[in-house]
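I have placed the structure first, in the form of structure tokens, so that the comments after it can refer back to it.
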Amino acid sequence: MQRKELVLLFLLFLQPGHGIPLDDYVTTQGASLCSSTKKQLSVGSTEECAVKCEKETSFICRSFQYHSKEQQCVIMAENSKSTPVLRMRDVILFEKKMYLSECKVGNGKYYRGTVSKTKTGLTCQKWSAETPHKPRFSPDENPSEGLDQNYCRNPDNDPKGPWCYTMDPEVRYEYCEIIQCEDECMHCSGQNYVGKISRTMSGLECQPWDSQIPHPHGFIPSKFPSKNLKMNYCRNPDGEPRPWCFTMDRNKRWEYCDIPRCTTPPPPSGPTYQCLMGNGEHYQGNVAVTVSGLTCQRWGEQSPHRHDRTPENYPCKNLDENYCRNPDGEPAPWCFTTNSSVRWEFCKIPDCVSSASETEHSDAPVIVPPEQTPVVQECYQGNGQTYRGTSSTTITGKKCQPWTSMRPHRHSKTPENYPDADLTMNYCRNPDGDKGPWCYTTDPSVRWEFCNLKKCSGTEMSATNSSPVQVSSASESSEQDCIIDNGKGYRGTKATTGAGTPCQAWAAQEPHRHSIFTPETNPRADLQENYCRNPDGDANGPWCYTTNPRKLFDYCDIPHCVSPSSADCGKPKVEPKKCPGRVGGCVAHPHSWPWQVSLRRFGQHFCGGTLISPEWVVTAAHCLEKFSNPAIYKVVLGAHQETRLERDVQIKGVTKMFLEPYRADIALLKLSSPAIITDKDHPACLPNSNYMVADRSLCYITGWGETKGTYGAGLLKEAQLPVIENKVCNRQSFLNGRVRSTELCAGHLAGGVDSCQGDSGGPLVCFEKDRYILQGVTSWGLGCARLTRPGVYVRVSRYVSWLQDVMRNN
């Protein structure tokens with residue numbers, strides 16, 4: 001390595017990332033760094049701030065944070081790897097990717113990670129040190145090479161990669177073992193691949209992930225923030241052997257991409273277990289028998305079952321021998337069986353027995369809590385520090401991160417540090433006295449948000465340990481000063497913050513100087529007087545600059561407008577139980593699914609249906625095959641028991657039947673007279689036209705169907721089911737191509753939970769922010785609650801236009 005002894009006269013230094021400066025940064029909303037080396041600057045945009053960071057010479061700028069309401073930019077030498085991250089309002093943290101990454105691109109010229117040992121384990125010498133070796137590359141002479149501490153670097157563009165001088169007097173320098181970043185190649189099965197290849201192995205152009213044309217799909221980027229579903233780049237969000245994409249060819253739904261394997265060893269896979277933790281992706285035990293006692297087939301063999309879950313396709317999943325494993329993100333470890341009649345089964349793995357203290361702050365797999373956000377609106381008193389409800393959804397609809405988890409956001413708001421705050425599960429809480437309950441989110445790019453909760457009016461009771469949950473008071477409808485959604489269109493006269501501080505006039509510059517939110521710069525925002533407004537569309541609602549010199553801005557406490565009853569669909573007045581079982585499952589709380597109806601012939605229940613307006617019920621077309629005369633049918637609304645009907649049920653005749661004209665399994669029934677909308681009889685919401693339910697969304701089915709002898713026969717039962725993307729559901733192992741794009745799958749692949757005979761035509765509803773949406777009509781399945789055979793439902797969003805046309809014209 002003689003050239004390292006030479007003073008290089010010229011280096012071709014290419015900055016990573018050209019064009020938009022922000023492409024080189026990772027962003028996190030609501031995050032701030034506790035930095036000791038920083039500069040505060042006044043700028044008008046995040047792009048300006050990025051330029052300032054790039055041009056800084058007095059220190060290496062690794063991050064910056066931007067405060068939009070202050071128009072303030074803070075550039076910093078630290079990042080989240082070197083200093084604590086704090087929760088803060090009105091701030092976005094931007095961190096340079098190159099300083100967060102512990103992998104190298106190409107030869108590692110721009111590697112800025114923290115590896116400080118060589119391949120043989122020798123400790124690196126500091127670049128600024130003179131002993132034991134006098135360096136030719138020093139921080140002073142090479143300020144752009146990132147020669148920090150004793151970290152491995154490649155200041156001379158060595159093709160063999162990063163290196164360092166060593167602390168061994170006998171060894172002047174050695175190369176370091178730095179893994180390759182997965183933007184030019186892939187490790188394992190490519191689930192962390194973040195490159196920009198956007199064509200399939202046959203050369204087809206990839207369809208953008210945020211598009212539903214030409215192929216509708218459930219891999220929606222906003223629902224999978226950790227999967228990096230950007231642009232139309234090849235990705236692997238569902239555990240396939242390698243990255244893939246939907247294609248722009250209407251005749252080819254999806255195809256694998258040709259991504260080369262990285263030549264360096266893969267990154268550590270994290271802790272492994274001899275017992276079941278989470279979904280068992282890290283299980284490395286030696287159980288080799290399925291739940292029914294069948295012996296497992298060896299992963300490397302193709303007999304009796306041919307498959308692609310091979311050690312070659314999943315090199316990081318330890319597919320040794322015939323041991324049960326979970327290489328592709330199934331609910332639990334499984335294996336192919338040696339029985340030619342049974343392709344595969346799950347295995348029975350003992351649960352890990354460990355105390356919470358052993359796992360809660362580790363990077364162990366996180367068990368995501370079940371959906372708990374109540375649809376019956378809870379409220380909180382004061383600033384919500386006494387709130388003890390079960391809401392776990394933020395104001396923008398994001399799911400909350402469990403308080404004991406450090407993924408995706410590391411934090412100090414733990415049950416140990418705040419023992420009196422009741423930091424249970426992932427429920428919204430207010431441990432630090434903020435303006436209302438909040439939580440960390442499961443979106444890596446959004447650290448925290450306030451929760452989708454209302455403040456109690458004077459007559460309401462909050463969700464506390466001693467008080468029952470109450471429905472938001474109807475008296476709120478008399479409020480004249482109220483907001484819709486985030487209040488961007490609010491034009492009321494509220495002029496004090498939630499803390500009671502008077503607002504500063506928008507045209508004033510005292511006590512706070514500002515230029516971005518003034519009547520002149522925002523003429524359409526109606527910035528009159530000192531009234532609360534939301535000119536920037538802040539998710540937390542209207543705000544104002546305050547007259548307190550120590551408080552730049554704060555939010556205003558303005559109630560939400562009460563929706564008219566016609567817009568109140570999908571909101572039962574009794575909170576659903578939301579249990580995870582149907583066949584062998586649980587009995588629903590009476591009238592908690594008030595849109596569920598019973599279709600009857602000759603007094604007998606035979607199918608379910610869903611009330612979508614006072615005069616109209618949606619059901620399955622196959623339920624109406626035997627008799628075309630609508631007078632044969634009766635619709636029972638508000639029932640909980642199948643046979644012993646309550647006195648206040650409504651029984652309606654059917655005057656008209658409408659079958660979908662292209663023979664889809666969906667139909668509309670017009671009732672003989674409008675149903676009276678009550679707490680027990682209430683319509684579900686229709687989805688937006690062509691809306692796609694995201695893969696793994698938790699939805700609910702209800703019905704009086706066959707229960708296989710389980711408890712609750714004759715009573716309305718419910719089940720929680722995950723939606724399964726059609727691409728997955730149509731695998732050979734499951735429904736083998738039978739599911740059409742106008743249908744959706746939902747169910748537990750382990751079996752035991754499903755809709756069944758008598759449930760046909762009934763609803764599959766999915767919770768969205770604050771209400772239930774009718775996304776599916778129970779249609780068909782291969783058997784009932786069978787292993788690897790999920791239920792199939794008509795995708796209602798594909799027929800919304802037809803449904804609305806029929807109702808409008810009849």
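One is the number of the first residue shown, and numbering goes on along the chain from there.
Yeah, the Cβs are placed from backbone N, Cα and C, and that goes for glycine too.
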Q: Could you identify, going by Swiss-Prot, the member of C275, C296, C379 that forms a disulphide bond with C335?
A: C296
Q) Of the residues C181, C185, C347, which one does Swiss-Prot pair with C262 through a disulfide? A) C185
Q.
Need the cross-check against Swiss-Prot: the disulphide partner of C53, picked from C34, C61.
A. C61
Q: With C400 as one half of a disulfide in Swiss-Prot, pick the other half from C352, C439.
A: C439
Q) Non-local Cβ contacts of C766 (disulfide bond) (under 8 Å, 6 or more apart, same chain)? A) V693, S697, L698, C699, Y700, V723, Y772, I773, Q775
Q: Pop the Cα-Cα gap between S598 (phosphoserine) and C607 (disulfide bond) into the table, whole Å please.
A: 6
Q) Which one is it: of the disulfide-bonded residues C152, C335, C532, C623, whose Cα lies the shortest distance from the Cα of C61 (disulfide bond)? A) C152
**Q.** Other CB atoms within 10 A, centred on C152 (disulfide bond)
**A.** 24
Q. Which of the disulfide-bonded residues C53, C176, C352, C379, C456 has its Cα nearest to the Cα of C729 (disulfide bond)?
A. C352
Q. Cα-Cα separation of C53 (disulfide bond) and C152 (disulfide bond), in Å?
A. 23
Q.
Check the DSSP secondary structure of C556 (disulfide bond), expressed as helix, strand or coil.
A. coil
